[in-house]
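Student: Below: one structure in structure tokens.
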């Protein structure tokens with residue numbers, strides 16, 4: 001059922017003259033599978049804040065998102081870009097069996113006003129939803145507090161989740177997958193990517209990665225269970241290529257989220 005947005009990379013052509021390594025620049029391409037690789041099946045209720053998003057517009061495409069309030073979902077701007085509406089799937093462990101769904105139109109999608117589809121700066125969007133009651137299978141994830149807005153989270157462990165394939169070329173799994181990953185510093189990630197300050201990266205050593213994962217989906221810290229990343233892009237070379245996977249850094253958007261939703265910690 002699910003084909004998740006994945007992002008390919010434009011890589012500079014090699015020349016015969018030795019030169020410093022050139023950083024990679026992301027280029028979004030829709031309708032390519034994202035993947036959770038070398039993860040594990042998430043037990044029912046482990047990730048009650050994740051939603052599956054089926055967008056409609058010029059075609060249909062799938063992304064992930066995170067419940068941050070009774071009437072709000074956070075996702076990626078490259079997911080909402082060009083959408084005329086979205087069906088939100090709540091409480092699914094088996095990807096084809098959500099507890100319930102809601103549909104909302106483009107008027108309830110708030111895409112970051114400075115989103116740049118060329119370099120994926122400000123790759124973040126909000127979706128205003130009908131009110132949902134929280135219970136064991138459908139619940140919110142908390143944002144970082146304002147006291148942590150300058151925290152870089154380097155060295156912290158986090159969990160990413162989604163319904164993407166479990167290895168390069170694999171079919172989509174029926175069951176929600178999670179993977180435990182370590183956040184790396186901006187300086188380490190900048191060796192591979194041309195980064196914006198409001199991006200955050202994970203180490204993919206050992207083939208553990210979202211590799212783009214469910215674009216728009218969550219990266220949540222083990223310590224404190226705070227949503228610190230929104231899945232943005234990964235390497236087109238494959239999920240086990242070793243390149244860091246990149247997320248929008250939620251702490252960089254706390255003011256924007258508060259101004260649009262009233263949610264803050």
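Glycine is treated like the rest: Cβ placed from N, Cα and C.
If you look up Swiss-Prot, you'll see 1-21 marked as signal peptide. Among the features that Swiss-Prot reports, domain 'Peptidase S1' is placed at 36-262, with the record citing sequence analysis. What Swiss-Prot records for 63-79, 189-201, 211-239 is disulfide bond. Per Swiss-Prot, the feature active site, charge relay system maps to 78, 123, 215; the stated evidence is sequence analysis.
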Student: Residue 63 (disulfide bond): which of the active-site residues 78, 123, 215 is the nearest Cα neighbour?
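Tutor: Answer for the nearest of the active-site residues: 215.
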Student: Determine, using Cα-Cα distances only, which of these recorded positions is closest to residue 215 (active site, charge relay system): 79, 123, 189, 201.
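Tutor: Nearest in space to residue 215 (active site, charge relay system), counting only the recorded positions, is 79.
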Student: Need this for a regression test: recorded positions 123, 189, 201, filtered to those with Cα within 10 Å of residue 79 (disulfide bond). What's left?
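Tutor: Near residue 79 (disulfide bond) by Cα: 123.
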Student: Out of 63, 79, 189, which of these disulfide-bonded residues shows the lowest number of other CB atoms within 10 Å of its CB?
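Tutor: Candidates: the disulfide-bonded residues 63, 79, 189. Fewest Cβ atoms within 10 Å: 189.
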Student: Which one of these active-site residues, 78, 123, has the sparsest Cβ neighbourhood, judged by other Cβ atoms within 10 angstroms?
Tutor: 78
Student: Could you state the whole-number distance in Å separating the C-alpha atoms of residue 201 (disulfide bond) and residue 123 (active site, charge relay system)?
Tutor: 14
Student: For residue 201 (disulfide bond), what is the tally of other C-beta atoms lying within 10 angstroms of its C-beta?
Tutor: 27
Student: For residue 215 (active site, charge relay system), list the number of other Cβ atoms lying within 10 Å of its Cβ atom.
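Tutor: Step by step: centre on the Cβ of residue 215 (active site, charge relay system), count other Cβ atoms within 10 Å, giving 32.
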Student: Secondary structure at residue 79 (disulfide bond) (DSSP, helix/strand/coil)?
Tutor: helix
Student: Does DSSP give residue 201 (disulfide bond) helix, strand or coil?
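Tutor: In the DSSP reduction, residue 201 (disulfide bond) maps to strand.
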Student: Between residue 189 (disulfide bond) and residue 123 (active site, charge relay system), how far is it from one CA atom to the other, in Å?
Tutor: 17
Student: Taking just the CA atoms, what is the gap between residue 123 (active site, charge relay system) and residue 78 (active site, charge relay system) in Å?
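Tutor: Their Cα atoms are separated by 6 Å.
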